[in-house]
Amino acid sequence: MSHKSCYTNPGTGGKRPRNDKGNKVTVVLGAQWGDEGKGKVVDLLATESDIICRCQGGNNAGHTVVVDGMEYDFHLLPSGIINSKAVSVIGNGVVIHLPGLLEEAEKNEKKGLKDWEKRLIISDRAHIVFDFHQAVDGLQEVQRQAQDGKNIGTTKKGIGPTYSSKASRTGLRICDLLDDFKEFSTRFKNLAQQYQAMFPTLVVDVEGQLKKLKEYAERIRPMVRDGVYFMYDAINGPPKKILVEGANAALLDIDFGTYPFVTSSNCTVGGVCTGLGIPPLNIGDVYGVVKAYTTRVGIGAFPTEQLNEVGELLQTRGHEVGVTTGRKRRCGWLDLVILRYANMINGFTAFALTKLDILDVMDEIKVGVSYKLKGKKIPYFPANMDVLQKVEVEYEKLPGWKSDTSACRKWEDLPVKAQNYVRFVENHVGVPIKWVGVGKARESMIQMF
């Protein structure tokens, strides 16, 4: 490989050319509070992808994919693992609970998922979620409830405590587990002791845990790679279709979400670069997944929430129950302020609008188009939760189509009023809608362009 300079001498006023080489990465992100149906969009794109990656979060995410009538549930594994021709990557930004990962793989194996371990690559820089992180997650929730009378509503999967360990530089990574086990054991014991000092009721079976971790190390060793080099090679090698599957969603982002009722990672587009070690230059299409109405799990402000028959109807018709927690989701009308905000941050190429069929029975459908604060319209999405609680939503009313859309497979098949609803969203947010979902199966995603 020659290392000749590829740009002219700066002294002569020459400019370095923009390096536009390499494969582009397609990204799928949630544009609301999660549960938008990202798994289905990923599944659609994964059939043609060579590499499918997760870049952040852990097994707090829940994606359901239906293939040939069989439902697969994914939490840590990229849902593209179903594609037997593709490689799945768990990036450095993901936090990994090893027993959770193996249990999930085995459960899906029983449903027919074959040879997953030959298709999975785990970044050696990913941090490990230990059982005590999960225990601490539960203890912190109890503490919050006692102090403030409210909790964050975490999934108790140890995600927050693991990212805390990572930020305070006491965390342990996959590369540590696979290296000198004696050194790993010492650091593991120190970390456990730190948590026990903070939470005196915390019980940690150190020796039992280490014994299991040693076994996990051997199970995963063949799957572990240097993630940065792997992605660099994939991007700069022969043409490949690379897909990144975001977990959680814009309003759960640690920086841009409805803080503190958020997750502990960046679930917006920036998390793709930091969670896989890829340059922004190689980000291609960014698809936002939007449900045709809004849902939220746990507490926190929710301007368009409907605590009435509408909310109940959306909840029952949409089967709005969390994949990871089994909790009922709160439901409300579609909120375009949220979508515009998510688009400001992510710069979506297009939207996938899912679960349109849930609105089939409505006489009238409302869409939140703007917020007012003290009688004045505000052009932004408030950062402060107390302020967000106080906003007044301005709605536009659209007539319902009152007919079953679940059998529609082409845009022309949709009732005109349903088409109007889709166009209304596009025009108000300024992002084209590429897919419209009218059911659970792969076939029920109508592609528009």
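Numbering starts at 1 and runs along the chain as it is shown here.
Cβ atoms here come from the backbone N, Cα and C positions, even for glycine.
Annotated features, as they stand in Swiss-Prot:
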REGION    1-22  region 'Disordered'
COMPBIAS  1-10  compositional bias 'Polar residues'
BINDING   34-40, 62-64, ARG329, 355-357, 437-440  GTP binding site
BINDING   ASP35, GLY62  Mg(2+) binding site
BINDING   ASP35, GLU36, GLY37, LYS38, ASN60, ALA61, GLY62, HIS63, THR155, ARG169, ASN248, THR263, ARG327  IMP binding site
BINDING   ASP35, VAL323, THR324, THR325, GLY326, ARG327, LYS328, ARG329  substrate binding site
ACT_SITE  ASP35  active site, proton acceptor
ACT_SITE  HIS63  active site, proton donor
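Structure with Swiss-Prot features highlighted.
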residue	record	contacts (Cβ under 8 Å, 6+ apart)
GLY34	GTP binding site	ALA61, ASN248, ALA249, LEU252, VAL297
LYS40	GTP binding site	VAL65, THR354, GLY437, LYS440, ARG442, MET445
GLY326	substrate binding site	none
LYS328	substrate binding site	GLN315, GLU320, VAL321, GLY322
ARG329	substrate binding site	ASP35, THR295, ARG296, VAL297, GLN315, GLU320, VAL321, GLY322
LEU356	GTP binding site	ALA292, THR405, LEU414, ALA418, TYR421, VAL422, VAL436, GLY437, VAL438
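For THR325 (substrate binding site), the recorded positions whose C-alpha atoms fall inside a 10 Å radius of its own C-alpha are THR155, out of GLY37, HIS63, THR64, THR155. Separation of the C-alpha atoms of ARG327 (IMP binding site) and THR64 (GTP binding site): 16 Å, rounded to the nearest whole number. Distance between Cα atoms for ASN60 (IMP binding site) and GLY37 (GTP binding site): 15 Å, as a whole number. Within 10 Å of the C-beta of VAL438 (GTP binding site) there are 26 other C-beta atoms, taking all protein chains into account. Working note on the binding-site residues ASN60, THR64: by count of other C-beta atoms within 10 Å of each C-beta, ASN60 ranks first. In this structure, the C-alpha atom of THR64 (GTP binding site) lies 17 angstrom from that of THR155 (IMP binding site). Ranking the binding-site residues THR155, ASN248, THR325 by the number of CB atoms within 10 A of their own CB puts ASN248 at the top. Cα distances from THR155 (IMP binding site) to the recorded positions GLY37, GLY62, HIS63 are smallest for GLY62.
The distance from the Cα of GLY37 (GTP binding site) to the Cα of HIS63 (active site, proton donor) comes to 8 Å.
Ranking the binding-site residues GLY37, GLY62 by other CB atoms within 10 A of the CB puts GLY62 at the bottom. In the structure as shown, the Cβ atom of ASP35 (Mg(2+) binding site) sits within 10 Å of 29 other Cβ atoms.
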